[in-house]
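Listed in TrEMBL for this protein:
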ACT_SITE  428  active site, proton acceptor
BINDING   146, 185  FAD binding site
DOMAIN    20-140  domain 'Acyl-coenzyme A oxidase N-terminal'
DOMAIN    282-443  domain 'Acyl-CoA oxidase C-alpha1'
DOMAIN    477-657  domain 'Acyl-CoA oxidase C-terminal'
Ligand SMILES: CCCCCCCC/C=C\CCCCCCCCCC(=O)SCCNC(=O)CCNC(=O)[C@H](O)C(C)(C)COP(=O)(O)OP(=O)(O)OC[C@H]1O[C@@H](n2cnc3c(N)ncnc32)[C@H](O)[C@@H]1OP(=O)(O)O
Ligand SMILES: Cc1cc2nc3c(=O)[nH]c(=O)nc-3n(C[C@H](O)[C@H](O)[C@H](O)COP(=O)(O)OP(=O)(O)OC[C@H]3O[C@@H](n4cnc5c(N)ncnc54)[C@H](O)[C@@H]3O)c2cc1C
């Protein structure tokens, strides 16, 4: 990239960077070699001619866009397969996916959840049967759980799988409209198999929801099998190429062994054998919630790169009347909008790496029959997924707004990035619903703390707070982290006390919970923020990097801490010993941090190492040819391929002529 002829502002910005950008790229990737491998892989993918679009996707019809996405998905699959064979390298398909599809792949659910569920929920025999076929795309699948009537409350799903011991089959039925599956990615017209989550019935008795692997289309003709009603749900805010679909069954029979039986089992005679923990059926969702935290880091880095580079190139208005128009990046309000995006991406990445380790440890434990840490993992994944996805959505939107009118152009790519980022707030567990799951855990932990029990590490601050809730405020990163824990503990206590108050007033527990649920949700958010702050600061101070780079990473981590302290200063005034003077000191610190980060802003987004093909943005490309690219892209509009459009003769001219009469 170094030889590309760049906009002079970007050249100047890069020259003043105080740290080695390559060092940060390697740190993010996990080593110099990992960067080399990643770049070689991306170079390979983006030099495949067939993966490049002749016409910008935006001008295609819904149908053509889908077909083009499937075409590219199959080519990408082949190229990746060959590449993996040749180099024994497991690539990050999500990064290149943004470049190839702009939006998302119609195979997203195949890779993200279908294969993962076979691994997580199938017995070794079931894995042996389906995994090789799924991994090499002999069969293509999705994860069909959500229905028209139920998405959040999965115990309420209506799709039925009734066991027939005579034929040793399950009979699938969707008797009501609300029971139709609705949303699964790829279901519309792409997949031939699904994981269907359905209510198991044996001899008229319900045994809760279970996962079933179901073939829905003929492998040769792709026609829906008899008894299957399937289709696409239509256009959405984003995710246009994900091919989300609907599905219903009428007396559709599948063999007994198509129930994924790693946890619970149905024997030939219809005996139901309970698993170690019925919630293990929800395992794929926990895994994907962890992954979404990493995805938030990637999405945030896409938006930050576009908006920061654009803000370095764009000049508008003056700070001093007699001086030239300034780069908009010099406005401190612009820095306030953008630097939190850079900082958040690093925080999400660090927390994702921490959470992934916890996930893998719990999976190892479960394999040995130990489930002690499962509730903590579920609670932590829920609140982090909820808060990171919502933060990422806000940050991306702020980046879009920070690009003014041009940020509204599709060619900036910010609208598309926003579309797939905010989808993460809802899918894989709606944010409020997940925060309330964590609140259940926090309330239990609070009760245990009151009883003097030892708490799990992520909530041990509740016991510390009970022992001493009067800790002196300190304007240091460690002091702020403590402060976040105080806020979280104070909010958990307040929510718990509110529940108790309503119970004393005669409410039953469930109503008391609902009445206190705004506080419970806020407590859960505060708990999440305290984890984000503690983990990310801890990761940064343990990082081995050169002094220059470490200084910048600390500035970003501190910016995150101070930003969120100031954003939630009301909570700090209520629940910690912070004073108004401390807040004034933090405001000053915040301004110092913005000024310190300013010279490195472009270097920092360069270090996300997002190729132009992945950014796919007129505003964010490495060379900063913003206005040239805006014009080049505008000229691709079909309306610019003719000097007079037919609508002139058909409508405009008659209108003007009528006006003359
Ligand atoms: C650095 C860059 C890296 C980039 C990396 C990128 C990686 C990207 C990775 C992955 C991306 C993949 C992309 C895939 C795209 C996905 C598209 C979207 C797919 C979907 O949306 S699928 C559908 C998802 N649906 C949901 O999430 C439904 C949400 N609802 C529920 O989960 C449940 O209904 C509920 C949890 C809300 C409630 O369940 P319920 O049975 O009613 O339980 P409760 O009574 O409330 O609680 C009982 C008890 O159980 C505990 N519990 C609940 N869930 C779990 C669980 N999963 N595990 C363990 N325990 C659980 C709960 O805490 C209660 O415990 P308690 O009684 O309090 O002790
Ligand atoms: C882009 C996209 C892709 C998707 N892909 C898939 C897929 O591949 N497979 C699949 O199975 N599903 C998929 N989904 C569905 C997704 O998982 C659900 O939409 C999601 O879990 C939310 O459920 P819901 O739509 O029922 O929302 P609802 O639960 O109806 O939410 C509506 C409102 O009700 C509130 N609410 C609901 N329950 C409670 C409660 N207990 N307490 C307080 N408030 C509550 C919510 O907070 C929210 O404000 C996808 C969704 C989207 C948007």
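First residue shown is number 1, and so on along the chain.
Positions of Cβ are set from backbone N, Cα and C atoms, glycine also.
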Least buried by Cβ count (within 10 Å) of the recorded positions 146, 185, 428: 146
Counts by DSSP class (helix H/G/I, strand E/B, coil) across the domain 'Acyl-coenzyme A oxidase N-terminal' (20-140): 91 helix, 0 strand, 30 coil
Between residue 428 (active site, proton acceptor) and residue 185 (FAD binding site), the C-alpha gap once rounded to whole angstrom: 12
In three-state DSSP terms, the structure that residue 185 (FAD binding site) belongs to: coil
